Amino acid sequence: MGSLGLLCGLFLALQGALVSTQFVPPYTEDCRSGMYPPNGPTFRGNVTWYTINLDLPPRQRWTQAISDKKTELGAMIQVIKDFANAFVPSGKLIELVDKDLPLILDTLPSPFNEEMKGIADASGLPLGEVILFNVFYEVFTACTSLIAEDTSGNLYHGRNLDFGLFLGWDMKNKSWAVTERLRPLVVNLDFQRNKKTIFKSTNFAGYVGMLTGIKPNTFTLTMNERFSLDGGFIGILEWILGRRDGVWMSFLTRSVLENATNYDDAKNQLSKTKMLAPAYFILGGNKSGQGCVITRSRRASLDIWEIDLEKGRWYVLETNYDHWKKPLFLDDRRTPAMKCMNQTTQAKIAPATIYNVLSTKPVLNKLTTYTTLMDVSKGKLESYIRECPDPCMPW
């Protein structure tokens, strides 16, 4: 098998893992209260802030963050390598990653390609492994995101970032290996130009795309994976094979956070740009009614579901299933989350009560790495590293 075939095999092997795991019965609980300020066994710690200076050459922007997190990044990538070697014990897949994956770097758009080179420089890790770390997030992100409007017209955006599904279940510790390695990599990022904040994000050190972010006083944005047969693996393979008319999902979200001038501009870009992977974009603005879930295929927008106060819809909430369809019965985080939102009521919705909702099992689960709360009018982003002690759903 040639190098290209082995590289395709890596992604197909990862896809095969999605159907090789045994399911367990669901677990839920009554809606949590009194969880904020973060406390107790579900709170693993605060998140460190770093400044990403966009005036620097791309290769130098991540030096401080990666210098501080290079040990943790190396441990995370080792888990990915172990996972790949479990499918091809000869080690040829990782040899391919180190040797041939860097060949696609120059096909990636600027500044992301140069930033990955800088991350490899600062961490001492092979460039191919840094690229693999960034590719992973196009296909393995499961989350809960919501936007709510209070009775005064203030908009709040919350999310749990769940990652690591089917990637190395540790039977002894009852945890996902990838999720455990990701928690120490969670960082808050302040992207600045001319010493002024352009946008803020909660992210994983070493990952140059964006999954969670706020453009202060303008809009908030999160991304949730959308499961589809025409999914991210297909888009990545097409890119490797030379079809490159789509945009990497997380590169699009970062571009929107950096360049979109308002809510409508962001909504237009997120709904119309061709992408490598399907997704849900959860977008909030700075005016009453500006909150929506954009359901995307790789090629088009399928639906835009918006806050509509006249219809009594004061919040929108998305997990990983089309909102007009029932979620998979083995993975229903939507129903308990909506139950807790409705129980909270619009009159009492606030960052603290949203944190309660996001702390309720199974909305909080073994995959949850962090919880983020955003207040667009204050330009505030706060994130907390999370853990779900037993008994707890694996997802």
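Glycine is no exception: its Cβ is also placed from the backbone N, Cα and C atoms.
Automated prediction, rather than curation, is the source of TrEMBL annotations.
DSSP assigns C143 (active site, nucleophile) to a strand in the three-state reduction. Counting every protein chain shown, 24 other Cβ atoms lie within 10 Å of the Cβ of C143 (active site, nucleophile). If you look up TrEMBL, you'll see C143 marked as active site, nucleophile.
The annotation domain 'Acid ceramidase N-terminal' is assigned in TrEMBL to 46-107.
If you look up TrEMBL, you'll see 143-380 marked as domain 'Choloylglycine hydrolase/NAAA C-terminal'.
Residues annotated as signal peptide in TrEMBL: 1-21.
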Worksheet, complete the sentence: Reduced to three DSSP states, the domain 'Acid ceramidase N-terminal' (46-107) has 44 helix, 6 strand, 12 coil
Item to complete: Give me the mean pLDDT over the domain 'Acid ceramidase N-terminal' (46-107), rounded to a whole number.
Response: 90
